Structure formats: structure tokens, C-alpha cells
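Novice: Supplied in C-alpha cells, the structure appears directly below.
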Amino acid sequence: MTTHTLETPEEIAEKERIRKERAEKMKAKAEERKKEKELKRLKALERKRLIEQGVIKPHRVKSKSKQDAVDEINLDPNELKSSKNYYGGGHLAELLKASSYYTNLGSQFDGSRRKVRPVERLNEDKEYLNELNRKSKGKRLLKNKAADHPKLKRLKTVDNTTMRRHTKKVANIKAEEGEKEEVDKLEKETKEEEETRDEVTQREPEPIWFINLNENKNDIEINDTRSFFQSFVYDKQNDSQIPSDIVSAADLVKRRIKTYRTDHEVYKLQRVQLHFPFSEYKEDYILALPKDELQFNPFDEIGKNMEILSTQFFPPDESVKVVNLQDPENCIVGKYIKAFDDNDLDLLLKCIDEFNNLIDELRNNGKILDHVINKKAFSICVIYELLNQCYLRRVLPDSKKLSNYKAFSNEVYGELMPAFLSSVYRACNLNSRSCFIDLGSGVGNCVIQASLEFGCESYGVEIVEHASRLGDLQLAEFNNRCRVLGLNPGITKLFSQQSFIDNPPVKAVVDRCDVILCNNYLFDANLNKKVIDLFQDLKVGCKIISLKPIVPAGHRLDGNNINSILNKMKTSKFIYEENSVSWTSKGGFYYITEVMDTMDEALFRIRATRSRREDSIDERTRSNTPLNAFTNNV
């Protein structure tokens, strides 16, 4: 009996990675073939131009007759009719004769009817013709695709008939005397002309912005069911409160000053400030270059903040002064990028001052408030950047201790990435009227993201002391930065240094939750059983997100578990992409389990099948019962 082993998530992700690499290689080879064809075409056009100018003369190759072809291979025509001098002639003639000797004149399986005759083209071979047609069609299709490529459209100057004529002329060049030198010269001239033309016609490269606002299409919808902004925004009043315990970017640099270049010839730890849209709060920065890319980069965050604040809070006619996709060289961020690349400190400081003056003006004249309260959508990139800034300031400096856990224990720390969480939350229909809890919330990343992105009531439970402490710090930073940006998250609370087992306040929240996140990837059997007991009173429609099935693989309906919540759970399996979790870059599986109002019908079918099998065994007599049908029948 053949057994089939299921592929692990890592194996599936590895196969997908190999498939993508193979596709990229094939695409690269196709591009090389396109470039070669284009070069040949340009040679043909250059050949025509030189002929028209009288620089070179056209050379026509006289078509060869059949007699000339025979003479070329030193084959006497009479030898084809006689076998006396069978191996006379050149080497090619001998090969042709040797292969023609075995030409079969009979049926496919008749080897007796043979005759010496010249080899003909295999036009009668249907399989050969089909293969030839298939390949030729593929080439024609590939050529059409190449011709339709946007980068090649501007080079199309002749029709197909003229192109074939030019191609034939290029082929005729190879028969001329001294053909190699002329072709090399022609290729060099064509290349120089092509480079000159490209310098004139090539489009300017698109600027590299700090944030790709078009990358995430799932922007947050702003509607009447949720107050997305703080109350002072809807009251059209600027915020008079300035948070005092917020961690600035300058604090991050000062903490790890040894990881920055303090001896740089231009950026010598100058201090600057960046202004914000609703209050007098100003973020402090120290202009210092990190020694490696893994460290916090203040230049990068300044650019991100200028892009985010202008595109999401400024009116369009004012936002274009900061980020102008059509004229990047004349906008503030475009000049800021150029100043950084050129080590132009004066221009860089000027760009920051221009931005601060603009945001102060728009805040004081009320244009920011007027624009924001009428917004219908908000970029999710802002949410991700705010979460990232909170994590950088409160969690990352002390993150090393998070990995000091016993391997494969219930307390092993792992994180789910924001983009992955967004897609899973949307799949569970999380919204501002929902209640959410994360069982094992760690530093609270999933909790604060659900609260801000969806405006829901959001809770987290964490038993480990260090992770709980960092979670509390991050939540405080999160609330301060939300207020600075005028954003209004849902109710957010963390049950720090507490277990979700035998905890009545947690149980009360769980029982009314609409969405539960349970990262049970490394839960042991005992903890999984306690989790099931915690879920016993879940309401109908509640959805549980997990990395392993909540319902055990061998679960069956019987008299002992007739009232178990597992009988009302329906599980769906999904695949998460690469870089969705912190402990591996590979993809894998996750599960969404929904609590139904009735028992799962599949359990009844399984029970009915087992009952029929047991009844059939009970009805057997000892005379017709095979050996080993019962344990005592031996």
C-alpha cells in the first residue's frame, strides 16, 4: 500500500520560492533574446540608411541551383544513381548516403523492403511537423509580445514587410568579402548612435520616495460608524495638550550613540525639530548617520514623516509642495533627498524649515482641520509607520531579553507582522463594533494594531514579566503618538503579568469577544486543553485565529463530549506568505475557527458511520466472525 506524506508548510514555501526563481530566470533569458533581436533589427535599419546615403553598396547573393549545392559537397550526381562508387565524394556526401541506405520503403514494421535513395526532408513525419508548427507558433507569439512592449513601441518605424526585407539584406552581408570588419564597424556605429539617442529620449528615473503610498491598496475607510479622529479634530480646534513622557528620536540616538558616526565631515550631531499638524508638539532629532543599516536612521524617519503628514493631512494644493510625483526636483521632499545624497547640510536644513513653516501656517489658518474632517479614507501606511515608531522607541532597545526563554516552551516569544495581521483581521470582519483579545499578547503589537486600524475594543493577556513591562511602555507611547496625530483608537487594555487560565476578568472578556487571536504554535497538550475550557462559553459567530487547529485532529462526537464547544466549531485552513511571522521567513498555515449555532454536521456523519460499523460487528455470530474481529477471538 502506497502512503502519501503531507508536505510541511516549509516545503510548500520552498517549492514556491524555487518556482518564482525559475520564472525570474526564464523572464531574464526572454529579455536577453528580445535585446538580441532588437540589435539585429537596428543593424538592418542602419544598413538601409548607409545604402541610401551611398556609403556602402547593396550586395545580392545569387541563389544557388541544385547543381551548385551538389558541387559544394563534392557529390557527383551520377553517384546517386549508382552504388559502385558508394563512398565517393566528400564527407558530407558519405553521411548522406549512409543515412539514405536505411530509408524504409515498407510499413513501419517491415524491414525487408529497403532501397538506396537520397534522404528527403522529413515532411511526412507528422510528429516532426506538429513539433515544428508548435515551436514556430511559439516564436511568433513571443515576437508579438516583444513588439508590444512599451519600451519598444517608440522604435517601431517600418512595417513587417519592410522588416523582412531588411532582415534579408543583413543576411546577405555575411556573404560579402571582408564581411567581418564591416559588420563590426556597423555594430559599433549602431551602438554609438543608439546610446546617443537613449541619452536624449530616455525618461528620467522615477524618484525613490520614503513610503510607497500606492503599495497597500487596502486603505482604511472613514465612515459614520467610527470616530476615526480625536474629538478636538471634529470640534475644529487644535490640541492644547502636549505629551510630556513621549520618547523622541533624539533619545534613541543618544542611547546608542556608539552605533553612529560621530566623526562625519558633514553631519556632526546637529539638532533639528519637526512640527506636527494639531498641536505645538515638536519631535527632536539628532542628525547622525548610523554605522550600519540595522540601526535607527533619523534622516529616514524625517523624510517619512514629511511624506505622511503632507499626503494625509494637507489639502492637495498644499501637499504637492511637499511631495510632487510629477516634479520631484522642485518639492520639499525631493530636494531633501537630493541634499542628503549630496551631503548638502544647508539645503537639508532649509527643506526641514520650509516644511515646518508650511505645517505651522496650515495648522494656524485651520486648513488642516477643514481637510481632515472631510476625508473618506486614510492610508494604512500611516498606521504601520506609527506602530513602527512605537516599537522602535519602547520595545527594540530592550528586545534581547525577549528571546531568553526555554526553547519550545509555552512562553516562547514570537511576533506576527502588521501586513499579515491586517489581512487576517479583515478576513474575520473585525470592525469598530467588535471586541478583540490576544491570548499571549507579548509586547502588545497585535492589540494596538487592531485598536487603531479597526477602532475596536482591544485587549491583551501576557504572563511573562519582561514582555508585559515592554507592552505597558509601548501602549503608553502608542496613546501619546495617536494624540499627536489626532487619531482615535478603540478602547485598549493589557492584562499584564497575568495568565488567561482561571482568570475571571479575562474570561468575561473572552465570552463576549467577536475575534480571538491565539498564537498556539508551541502550546503543549495541557495548555491546549485549558484553552478549550476557556472557550467553552464563546458566543455564536466568534472567530478564533490560530497557527494550529483549535479542534484536535482526532476529535469525535460521543457521549462524553456531547456538550463540548468543539462540536460547534468549524475550521478553515489558509496559507500565509513569506515574512509573515518573526520566527521564520518561510510561509505556512494558519486557521480561522468559527463558533456555529449548531453542531458540525460532519461529526454526525462520522458518528453514523462508526455506529453502522459497530452494529454490523455486534450482529455477527461466532460462526461467521473472522479471526481477530474481537480482541479475545484468537
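Each Cβ is built from the backbone N, Cα and C atoms, and glycine gets one as well.
Remember, TrEMBL labels are computer predictions, not curated facts.
Below, the features straight out of TrEMBL:
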COMPBIAS  175-191  compositional bias 'Basic and acidic residues'
REGION    175-201  region 'Disordered'
DOMAIN    283-608  domain 'DOT1'
BINDING   413-416, 436-445, E462, 499-500  S-adenosyl-L-methionine binding site
REGION    614-634  region 'Disordered'
COMPBIAS  623-634  compositional bias 'Polar residues'
Novice: What is the pLDDT of the domain 'DOT1' (283-608) when averaged and given as a whole number?
Specialist: 89
Novice: State the three-class DSSP label for D438 (S-adenosyl-L-methionine binding site), counting H, G and I as helix, E and B as strand, and everything else as coil.
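Specialist: DSSP assigns D438 (S-adenosyl-L-methionine binding site) to strand.
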Novice: Which one of these binding-site residues, S441, S499, has the sparsest Cβ neighbourhood, judged by other Cβ atoms within 10 angstroms?
Specialist: S499
Novice: With Cβ-Cβ distance below 8 Å and at least 6 positions apart along the chain, what are the contacts of L416 (S-adenosyl-L-methionine binding site)? List them in sequence order.
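Specialist: Long-range Cβ contacts: N445, C446, N519, S580, V581, S582.
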Novice: In which DSSP state, out of helix, strand and coil, do we find L416 (S-adenosyl-L-methionine binding site)?
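Specialist: SS state of L416 (S-adenosyl-L-methionine binding site) = strand.
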